[in-house]
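Okay, so here's the structure we're looking at.
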Amino acid sequence: MKSSRDEAVGHHSISSFEVMLSALFIMLMVFSIGLIAVSWLAVKESEGDAALGKSHEVRGTFKITSGVTYNPNLQDKHSVDFKVLAFDLQQMIDEIFESSSLKNEYEKSKVFQFEKGSVIVLFDLFFAQWVSDKNVKEELIQGIEANISSQLVTLHIDLNSIDITASLSDFTTAVPVTTSDKLTTSSPMTTSASLGNLSTTVAATTSAPLCNLSTATFATTSGHVSIECQPGSRPCAHAWNCVATDLFCDGEVNCPDGSDEDTGLCATACDGRFLLTGDSGVFQADRYPRPDESGVVCRWIIRVNQGLSIRMNFGSFIPHYTDVLDIYEGIGPSKILRGSFWETDPGTIRIFSNLVTVTFLIKSDEYDYIGFNATYSTFNNSELNNYEKIDCTFDDGFCFWTQDLDDDNEWERIQVTTFPCYTGPRFDHTYGNGSGFYISTPTEQGWRSERVGLSSLSLDLTSEPVCLHFWYYMCCENVYNLNIHISSAETTDKIVFQRKGNYGRNWNYGQVTLNETGEFKVVFNAFRNRGCSTIALDDISLTNGICSQSPYPEPTLVPTPPPELPTDCGGPFELWEPNSTFSSPNFPDKYPNQASCIWNLNAQRGKNIQLHFQEFDLENINDVVEVRDGGEFDSLLLAVYTGPGPVKDLFSTTNRMTVIFTTNMETRRKGFKANFTSGYYLGIPEPCQDDEFQCKDGNCIPLGNLCDSYPHCRDGSDEASCVRFLNGTRSNNGLVQFNIHSIWHIACAENWTTQISNEVCHLLGLGSANSSMPISSTGGGPFVRVNQAPNGSLILTPSLQCSQDSLILLQCNHKSCGEKKVTQKVSPKIVGGSDAQAGAWPWVVALYHRDRSTDRLLCGASLVSSDWLVSAAHCVYRRNLDPTRWTAVLGLHMQSNLTSPQVVRRVVDQIVINPHYDRRRKVNDIAMMHLEFKVNYTDYIQPICLPEENQIFIPGRTCSIAGWGYDKINAGSTVDVLKEADVPLISNEKCQQQLPEYNITESMICAGYEEGGIDSCQGDSGGPLMCQENNRWFLVGVTSFGVQCALPNHPGVYVRVSQFIEWIHSFLH
């Protein structure tokens, strides 16, 4: 029997309609969740894309309104008109950005099109990392407004027409992750543990990062785990690691599971290959790109057995001009770029390593270019004999010769003379037609002096001499120097062959006998100046035995065309009033190069001279007018003028003035026109009354205001010399004298305190007081009683005598100086020498000079106080009119690390050349440089001590030198790391014997070894010669001059600082 309760809890059967509704509800729920998930992924993807996108290339345009005229040839990229204008504009753009705040990011520019409308220029700019379009545009406008480039003298660019936009190749899109980073349409970002299907979002850039994956999901036994990596890195496939994107597919394993070098991941789109092993193989970029493959980077790693080297042959090489092939020695981040090729066939490339990286950047989207086909094979350079290492016609690449990585530019392998200079050989020497190759210094116009080096492999010791044969070409007006030197462990760069000058458009034969006692390398060095010139080499070979007499006549230099005007002005000219107007030769037309002119201006005895330049326009720095007070050989330096005018009037203190005009071999300008007048006290202030003091600037103040602790003179000269030791000695002890109304009073001992001692020592520019003691007076006054006011100032009371005839004898400590906070044992030498440790020489200063928007290290200096440097006068001669172009870098160790926290930069605001400096006789070569702001002393910045006046440093004593100058003769550039050396002092008599061509005076001191090898060199000028006494270092000399660098029996010559102590102290106190 059933109750009603039992019926209530029974099961109700579900109808088909209810089943349909339930299924529909579940489907809607799944669909909604899917929509939410897809939307979330899309948002995250767009956020990731925005965070990871980088722009390395921008496209720009501007309009040239004057200075160039449009013509149809500008539409033809192969025409001379197009190439010339594109070359000039690229140089202009490069100069602007290389002097801008983007100079570290900027790489290069490419002008690719001109359009009509005056002349509209379209160009691409390439940067190493992302920069904003706005920033690029602002820097370009500022550079044009500032006339940074010389091209802007003739070209006028409409600033309103400048437009910068991101290049289409820089937009971030989703692509497969392979070494071929190509641009495709956007797709959802997915990551699988299967490397072959791995995909991510990347940006194709000039630096070719392989991918920028920030998130990956992996299947595990417990489910899916997501790994998130920082921008610029991506996860490994089967490990909990993130690795920098640019470390993927670089030949070195960085992921624990090796997935960053997986051949499936890294296979190129060019040919499907990545890792090439075995003794031979092929790789290619054939018939590229397909329409969907612009912006591709292909990379191959070649790895062969240890001990072998790699030879690559390029059977064909026909890329688009924007596409670049780079070949590196080695793999990973430490690989070394050995060659970049675009448009020019690489031929045969040999890399002396078993590891090679090859990258091919395809930026074009045109399908008409074939690309390249290459093969590689191995060789063992240890099996080569000396003749195989040397012999080369350059038809088989560079054979076994290598480019010098430490030089300033690279040799180019070419066939015929090339644009834009056309100064090279018409054909090679081997065949004498267009089928052969030779190597040449860079074919473009040089913008600086530079060295280009070529080195052989190490040659084995031979039992007999060998003869090196070669053909060389040196042309044209701006060509400089070709030399061959021998480099070995036993020899310091021995020069065995050298030619200088223009030998015309001819191949010339050269030979030299080599007879070395150990392994050695042969190095060709070509030096070229600014402008167009070519040095070329071909047909280098080696034969047994001493060189026989050359079968070819000795080449002769092309005669230098005579100057349009005589360089000798015919003087010296003696000028008297009324014949008081004179000018540079040929004024107002251009003066001649290499001119040397002297005018002696004369006035009646008792009068002086005022010199006025009515017009003045010289080439800056290279051409100068020097004005001296007095006769030519017994005068003081008044001024050195250069560059465009106007310049200030000058006044002599005697009745004679000397004007010297010299020019160099480069640019000629209009010159100058000047006149002079004579009179009494011209430019000299009226003398003051008897009860007045005359300031240095000529103004007069009441005598009562002298030495009252308040500067009444605008130049502060009334408070400059108010206390001294008796008779003005520069020692640190003695009786104290005070200047009261221009009369020196001796201080009494009465009421003298320790506080007064410290204050007096401070006023004397010394350290704290060491001791003071009363002594009995032995002479007449006048005297002064000294008391101290509550505010610390001194109260001076003149007196006829002192209490108990007691005077004060004070001794002050020297200021802290010459103390190293970081010690180091001095190593062998500067030329070819040893690196100093950071902080080893904290008073050594690097002087950089800005010329044409480039800062270049020219000289050294020594810090002698918190705001004064001592350097050489010849460093700042010609470069003294605008002191702010000089920057002093203190605490510097490496030039490549100017941003080190130990480094302090200060602008120079005043330069004072010693008035006795004579550039022609090289005497009194010393100058003072004032820093705009004082520096604080640290472990890396300290002052050096100054010697006592006329202090003697005995010959034979070992002292030290330091600097960033050349470490090799003809090195061509300064070194990166500060060098140091020990050198012995030698007597002036011995120095005069070894340097008979110079007059070694008492204001000079010499140092060096008889055998040479250790010396200061170019770039060290102005730096210190330092000797140590009582654990403190003293500035004994200032690097001045020498004959080349480190030659035997040719010591370095330095300014003897002890002869200039009074002059130096006049600036410090």
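Cβ atoms here come from the backbone N, Cα and C positions, even for glycine.
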Q) Between Cys688, Cys713, Cys722, which residue forms the disulfide that Swiss-Prot gives for Cys700? A) Cys688
Q: Please work out, from what Swiss-Prot records, which of Cys991, Cys1027 forms the disulfide with Cys1006.
A: Cys991
Q.
From the disulfide entries in Swiss-Prot, identify which of Cys236, Cys242, Cys249 pairs with Cys266.
A. Cys249
Q. What number of additional C-beta atoms lies within 10 angstroms of the C-beta atom of Cys266 (disulfide bond)?
A. 24
(Q) I want to check the contact list for Asn515 (N-linked glycosylation site): same chain, sequence separation of six or more, C-beta distance under 8 angstroms. What comes out? (A) Pro465, Val466
Q. Can you tell me how the residues of the domain 'CUB 2' (569-679) break down into helix, strand and coil by DSSP?
A. 0 helix, 56 strand, 55 coil
Q: Can you check how the pLDDT averages out over the domain 'CUB 1' (270-379)?
A: 86
Q: Could you say whether, by DSSP, Cys722 (disulfide bond) belongs to a helix, a strand or a coil region?
A: coil
Q: Provide, as an integer number of angstrom, the distance between the C-alpha atoms of Cys1006 (disulfide bond) and Cys1045 (disulfide bond).
A: 14
Q. Given the disulfide-bonded residues Cys255, Cys707, Cys722, Cys859, which one's Cα is the least distant from that of Cys597 (disulfide bond)?
A. Cys859
Q: Give the residue counts of the domain 'CUB 1' (270-379) per reduced DSSP state, in the order helix, strand, coil.
A: 3 helix, 60 strand, 47 coil
Q: Take the domain 'SEA' (54-169) and count its residues per DSSP category (helix H/G/I, strand E/B, coil), listing them in that order.
A: 42 helix, 41 strand, 33 coil
Q) Among the recorded positions listed here (Cys229, Asn380, Cys569, Cys707, Asn770), which has the Cα closest to the Cα of Asn751 (N-linked glycosylation site)? A) Asn770
